[in-house]
Amino acid sequence: MCGIVAYVGHREACPVIIKGLKRLEYRGYDSAGIALMNGSLNVYKKKGKVADLEAALADVDTHGNIGIGHTRWATHGEPNDVNAHPHYSTSRNIAIIHNGIIENYASLKQLLIQKGHTFQSETDSEVFINLIEDIRVNNNCSLPEAVRLAMHEVVGAYAIVVLSKDTPNQLIAARKGSPLVVGIGKGEFFLASDATPIIEYTNEVVYLNDYELAVIHDGQLDIRTKEDVKKTPYVQTLEMALESIEKGGYEHFMLKEIFEQPKSILDSMRGRMIAENDHLMMAGVREFENKFQNADRIIIVACGTSWHAGLVAEYLFEDLARIPVEVEYASEFRYRNPIITEKDIVIAISQSGETADTLAALELAKSKGATIFGVCNVVGSSIARATDAGAYTHAGPEIGVASTKAFTAQVTVLTLIAMIIGKKRGTLETTKLRQLIAEMESIPSKVEKALQLNEQIIGISEVYKDATNFLYLGRGYNFPVALEGALKLKEISYIHAEGYPAAEMKHGPIALIDEQMPVVVIATKDSSYEKIVSNVQEVRARKGKVIAVVTEGDTTIPAMADHVIEIPETSEHLVPLLSVIPLQLLSYHIAVMRGCNVDQPRNLAKSVTVE
Ligand code: F6R
């Protein structure tokens, strides 16, 4: 987590960095800070949002063309002014911004204290900058060399940028495990955790690899490994549009992203499906078609919402391709000595492509010889680069911390993969495949229709905005959707919510139901419809308030429910793409009505780069 931005060039550094930090605020918003060469090397930092830092800078002469900035998601040390980045070294000659965790910081700190270094904060980052200073003084070497040598001493994850009073035209950056992008403009350079702060100025970027060091000095970019081997920068041209990272008239990014779903779903299937001749095409899958065909098992590793998309994929792969699937929390999988063979395919699902646990889980599976396939949204991300092959979801940048369009894009891509493998394995017959392709094509317009429920859902949100608990129930393909609906509500409105398979309710959670309990039941017309009708009756019998998501035209469940949300009819395999929409809207409106910051919910960060 944490977002870092740095600039050197002909512009005023401060506004570029502040604007960049605002774009990266989704990565953490406990505190923000900036170091500028405005006369000397000065650090300004503040607990709270980037806007608080901006206000604190109002009376400061920020004039200068080089600087480094940081927005923090606290790991070591509580969120306060002192623990905010940047951090000076003891001499105050150099300053650092850091994203990641230095695991051996405590032992390094002891050593540095013995050598006379002093510390202001509780952070591991201040240890890193003092280590660099210590190496520089003891070895009488240049600052880039000291950073390179320090990379050999620290254990953990980092993306850092260092600025020195003595070399006021130089930025030094390094990475291991946390993302870092270099933007190359005309006579100017940018460094950032992702491309969003850069895209406004240039679309030429270089993604740093692990254990690489970048030195920007006198208009030159020099990249070398921590073993001091010079690398030729691999410059990529980004296609990201500026509008895609702005709110475009919506009150929140989350709402914009919910409403973008007809387009993002279409983008995620674009060019991958031709209905007329039931042709399905995905370069990454084609590369490993035989592996998929002969796989003993598919293991899906992911976290949070991406894990829910993985659960939908479990139903899809088993149903359409008849391959056994296990869906694992990446954080559990990586630490439980799992049995993995060379005939396993491991699919890592991640919006950001930077989630530390997912990355570690796939590295573990790779070391055991499994084939690793990635389903990521962020192009060039660490997970995308660590896989053997993969498919991007093409949902566009997702800025709201609560994942919405990334989920539906993941489910779309996973559905296509299941169809491709099912076709190849002969488990998905042509007529059914054709029907599914035709239905897939109609999904964007059906999502559009589901979005028209917005006004109705505002009304339902009014009724339940003060509830203290919610239950979400679903069966089959709608069970993961129930989990996702509950996660969305709790993360942005801070209302306790639980998602459950509807039939499991009577094994415990039914005890929670009384007249105060809103129960969202996803009860679309599918193979478990009759069963879920009984579950709704069980809730009614205990006086629970039923908010039912049903298929258009249903008359049975509406007769039993307090509120009915009708979504368009579709195939059972595709229903999560529609049934999740009202649940996203419900959580959004309830959170707004409760005065919560939906785009930046407390304690959360968009990209979880710590385990
Ligand atoms: C919930 C949410 C998180 C992420 C999780 C994994 O709305 O956004 O649960 O889904 O942190 O993140 P990625 O997909 O980036 O690996």
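Keep in mind that glycine also has a Cβ here, set from the backbone N, Cα and C atoms.
Listed features, source TrEMBL:
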- Cys2: active site, nucleophile (ACT_SITE)
- Lys606: active site, for Fru-6P isomerization activity (ACT_SITE)
- 2-219: domain 'Glutamine amidotransferase type-2' (DOMAIN)
- 288-427: domain 'SIS' (DOMAIN)
- 460-601: domain 'SIS' (DOMAIN)
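Each residue in the domain 'SIS' (288-427) gets a DSSP state, and the totals come to 66 helix, 28 strand, 46 coil. Under DSSP, the residues of the domain 'SIS' (460-601) split into helix, strand and coil as follows: 69 helix, 30 strand, 43 coil.
Confidence across the domain 'SIS' (460-601), taken as the mean pLDDT and rounded to a whole number, stands at 96.
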